[in-house]
Protein chains: 2
Amino acid sequence: MAAWAERLTGVRGVLLDISGVLCDSSASGATAIAGSVEAVARLKQSPLKVRFCTNESQKSLRELVGVLQQLGFDISEEEVTAPAPATCQILKERGLRPHLLIHEGVRSEFDDIDMSNPNCVVIADAGEAFSYQNMNRAFQVLMELENPVLISLGKGRYYKETSGLMLDVGGYMKALEYACGIKAEVVGKPSPEFFKSALQAIGVEAHQAIMIGDDIVGDVGGAQQCGMRALQVRTGKFRPGDEHHPEVQADGYVDNLAEAVDLLLKYTDK
Amino acid sequence: MAAWAERLTGVRGVLLDISGVLCDSSASGATAIAGSVEAVARLKQSPLKVRFCTNESQKSLRELVGVLQQLGFDISEEEVTAPAPATCQILKERGLRPHLLIHEGVRSEFDDIDMSNPNCVVIADAGEAFSYQNMNRAFQVLMELENPVLISLGKGRYYKETSGLMLDVGGYMKALEYACGIKAEVVGKPSPEFFKSALQAIGVEAHQAIMIGDDIVGDVGGAQQCGMRALQVRTGKFRPGDEHHPEVQADGYVDNLAEAVDLLLKYTDK
């Protein structure tokens with residue numbers, strides 16, 4: 001692999017995943033990953049443009065940012081690209097009235113959305129709300145529609161809580177796709193539109209940007225398919241096998257966000 | 001389409017799906033589909049060989065047959081090819097110790113199976129037991145295995161109860177496949193091994209056999225891929241769009257089992 005200087009040349013903007021990069025989550029709350037609070041602060045003091053790009057869909061943006069601020073992170077709602085607000089924009093633009101299969105924590109994002117007589121289904125990382133009954137209801141709504149529309153907030157395979165690996169929304173999206181014979185629209189990583197909207201927000205071109213995430217497929221592979229570079233951190237849901245993934249190779253593997261920021265500050269153009 | 005006489009020529013054996021062909025199910029029990037009790041009786045009095053071939057995995061074989069006998073059907077356990085007994089045979093042959101994600105009603109089938117220290121996961125149509133917690137546990141067991149083995153009792157998309165369409169095991173199989181990055185082994189229709197074992201039991205070759213089912217993909221498409229002919233009944237989970245399915249065309253569509261048997265008795269060789 002080329003030297004870091006070469007791999008990081010021309011980087012002007014950084015997209016940061018949140019869960020597994022900034023913090024670890026558990027049922028009882030979130031904890032900052034060692035060195036990440038300082039790493040974000042140093043990055044934001046540098047000339048590099050920074051944007052947070054998350055698939056978090058169990059919490060509202062306000063709650064998510066509140067939790068991170070509590071942990072000491074320098075972050076505001078305006079700096080985050082998240083799937084629920086992006087979904088609401090799509091629903092309004094297309095006149096879609098959703099049946100929601102989501103976590104209670106994110107429901108407030110949909111407060112001003114018309115949900116009468118649903119003509120689409122929106123699913124997110126619903127956690128315990130992924131009961132058979134709720135899945136079956138979403139399935140039935142889709143099967144009753146002439147042109148079934150399923151919007152999925154991300155399509156992550158799993159995430160890591162301190163108690164272990166947890167099923168993410170992706171599998172449930174696949175279940176509904178299969179049962180209904182349809183294809184979901186993904187709002188969130190690795191959707192190119194989602195990455196592009198994050199880049200637009202900081203005015204950086206894909207070839208000048210680097211994604212830092214813990215998901216080899218959703219973060220690293222997705223960003224690379226958009227023409228960005230991407231680093232994988234060995235925190236969060238990282239598993240050793242990721243470094244020999246059959247389809248995706250990161251532009252670099254680092255122990256954590258602190259090491260990534262060390263390298264970025266050392267090797268990107270001043 | 002060719003005349004019935006031509007389409008049915010040389011048929012010597014009949015495989016009958018159960019749910020949606022013989023009976024409809026609901027939370028409170030099962031009801032015989034009009035004409036089906038008599039149709040089965042007439043078929044069994046004819047020279048045609050008959051075998052029941054079901055993906056039922058919420059009930060033990062004993063309970064299933066008991067329910068059908070109660071409804072008046074001439075059927076015995078020895079005449080049914082069902083996925084749970086077939087799975088137990090596979091588990092024993094391969095030294096597999098399953099973690100089960102199944103309906104309580106079928107658990108007795110696994111009474112003599114070693115389930116200590118699981119080295120595979122078996123899922124079936126678990127109904128309400130498809131909770132997030134149970135799915136997550138199955139996922140975690142698979143992720144902890146070096147060579148994860150997932151066995152799915154069928155891969156149906158949905159079935160019909162009197163209250164409406166219900167998600168079947170297939171979607172949940174897809175969810176685990178996606179989350180774990182693996183491919184499940186299907187025991188049940190449309191697995192060719194499963195159809196073949198049903199044919200072997202009655203000593204009939206595929207080209208001499210016809211499947212009668214309500215599932216255009218699992219019953220009709222699966223049987224045709226094994227070299228059998230197949231009829232779809234317009235009962236059970238049948239939907240009008242099935243007659244214009246993009247990939248599968250049945251050798252004939254009939255209103256119900258009674259009509260299928262009328263045709264078979266009229267046009268197959270005496």
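Keep in mind that glycine also has a Cβ here, set from the backbone N, Cα and C atoms.
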Further substrate ligand in Swiss-Prot, beside B:ASP17, B:ILE18, B:SER19, B:THR54, B:ASN55, within candidate set B:LYS183, B:LYS189, B:LYS196, B:LYS237: B:LYS189
Conformational class of B:ILE18 (substrate binding site) under the three-state DSSP mapping: coil
Nonlocal neighbours by CB distance (under 8 Å) for B:SER19 (substrate binding site), same chain, sequence gap 6 or more: B:SER25, B:THR54, B:GLU56, B:TYR159, B:ASP214, B:GLY236
Near-site residues: substrate, ref B:ASP17, B:ILE18, B:SER19, B:THR54, B:ASN55, B:LYS189, CB cutoff 8 A to centroid: B:GLY20, B:VAL21, B:PHE52, B:CYS53, B:GLU56, B:GLY213, B:ASP215, B:ASP219
Count of other CB atoms lying within 10 Å of the CB belonging to B:ILE18 (substrate binding site): 26
DSSP-derived structure type at B:ASP214 (Mg(2+) binding site), helix or strand or else coil: coil
Listed in sequence order, residues with CB under 8 A of B:LYS189 (substrate binding site) and six or more positions away: B:ASP17, B:CYS53, B:ASN55, B:GLY154, B:PHE195, B:GLY213, B:ASP215, B:GLY218, B:ASP219, B:GLY222, B:ALA223
